[in-house]
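Q: I have a structure I would like to understand better, so I am pasting it below and will then ask my questions one at a time.
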Amino acid sequence: MTGMIKNAKLIHICKSTLMCPLCKSPMQVVEHKSLMCRQNHNFDFTKHGYLNMLTRPASSAYNKLLFAARREMIVESELYMPLHKRIAATITELGLISGHPLLIADMGCGEGSHLQTILHECTYPDITGIGLDISKEAIMMAAKKYKNHIWLVGDLAKLPLMDRSVHVILNMLSPANYKEFNRILTPDGVVMKVVPRPGYLKELREALFENDGPKTYEAGHSAALFEKHFRLQDVIHVNYTANLNKEEIASLVQMTPLAWSSNKTRMESFKHQDNTRITIDLDILLGSKT
Ligand SMILES: [Zn+2]
């Protein structure tokens, strides 16, 4: 179902920033309803205002329940609040140094709550957010709730964004495509990649698995790969614990794919606690163009 986009600022940014993923030519906004490129490839704004810019059907391993739990944790609990504040402070500082409007793209944004919360915390006045994810369900949830950003269903390997158009790329605990990130980043732009460190959610892993569970990430490896594509300016280490109540514990299990492969009995006993402390242990890798 098609819809209308009426926010003049967002229309302007769509026109100046988005690129046809099929032929890579610039796009025009037609009658507030769709985007069309020079070769007449057409993408309609949906009823909720997002654009589906995938060039082929894609499936995501994550479902609506996971995204709902993720939103609950990001918006309602305090689990990620210090992380959001730290990222927002860095973005605000970048804005004040540059003095121009900032375009921030969250690559692999899920249902959009990290982007929304971070931008809400930024005190720099002129920032526009773009959220992109391969999951249509996630982007639909984002667009329904957060109206002031541009939401795109898209492929990391074929970003529908112009060369040198984005000032800050956020990539939080999700896969990257550094070649494409490099292409869309402005010459003075910054990439902020959030990677887990060994203590991340350790209480959950210790409770669910005998040997700490599957190693889903290697922070050292992430940093080394990052440095092959960007000049590493800084590594901001973020470490704290947060207290979760019973509902939040259930949401945490629901939003964490590694929990799905765990022993059911162990999972149930973890979920039956009235509250627990959870460790957040992350690095923010801050990179610029080489
Ligand atoms: Zn085209």
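Heads up, the Cβ atoms here are built off N, Cα and C, so glycines get one too.
Nobody curates TrEMBL annotations by hand; they come from automatic prediction.
Here's the feature list from TrEMBL:
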- 19-54: domain '23S rRNA (guanine(745)-N(1))-methyltransferase N-terminal' (DOMAIN)
- CYS20, CYS23, CYS37, HIS41: Zn(2+) binding site (BINDING)
- TYR80, GLU111, GLY112, TYR200: S-adenosyl-L-methionine binding site (BINDING)
- 104-189: domain 'Methyltransferase' (DOMAIN)
Q: Have a look around CYS23 (Zn(2+) binding site) and count the other CB atoms within 10 A of its CB, chains all included.
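A: A 10 Å sphere around the Cβ of CYS23 (Zn(2+) binding site) contains 11 other Cβ atoms.
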Q: Tell me the residue counts in helix, strand and coil for the domain '23S rRNA (guanine(745)-N(1))-methyltransferase N-terminal' (19-54), as DSSP assigns them.
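A: Once the DSSP states are binned, the domain '23S rRNA (guanine(745)-N(1))-methyltransferase N-terminal' (19-54) shows 0 helix, 17 strand, 19 coil.
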Q: Let me know how many other Cβ atoms fall within 10 Å of the Cβ of CYS37 (Zn(2+) binding site).
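A: Counting Cβ neighbours of CYS37 (Zn(2+) binding site) within 10 Å gives 20.
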Q: Would you mind sorting out which binding-site residues among CYS37, TYR80, GLU111, GLY112, TYR200 put a C-beta under 6 angstroms from ligand 1?
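A: Once distances to ligand 1 are taken from each Cβ, CYS37 fall under 6 Å.
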Q: Just report the maximum Cα pair distance in Å for the recorded S-adenosyl-L-methionine binders TYR80, GLU111, GLY112, TYR200, no decimals.
A: 21
Q: Could you tell me how many residues in the domain 'Methyltransferase' (104-189) are helical, how many are strand and how many are coil under DSSP?
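A: Across the domain 'Methyltransferase' (104-189), DSSP assigns the residues as follows: 29 helix, 28 strand, 29 coil.
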Q: Out of CYS20, CYS23, CYS37, HIS41, point to the one nearest GLY112 (S-adenosyl-L-methionine binding site) in space (Cα versus Cα); all of them are binding-site residues in the record.
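A: Nearest in space to GLY112 (S-adenosyl-L-methionine binding site), counting only the binding-site residues, is CYS20.
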Q: Of TYR80, GLU111, TYR200, which is closest to HIS41 (Zn(2+) binding site) if I measure between C-alpha atoms? They're all binding-site residues.
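A: Spatially nearest to HIS41 (Zn(2+) binding site) by Cα position is GLU111.
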Q: Just to be sure I understand: of TYR80, GLU111, TYR200, which binding-site residues have a C-alpha no more than 10 angstroms from the C-alpha of CYS23 (Zn(2+) binding site)?
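A: Among TYR80, GLU111, TYR200, not one has a Cα sitting within 10 Å of that of CYS23 (Zn(2+) binding site).
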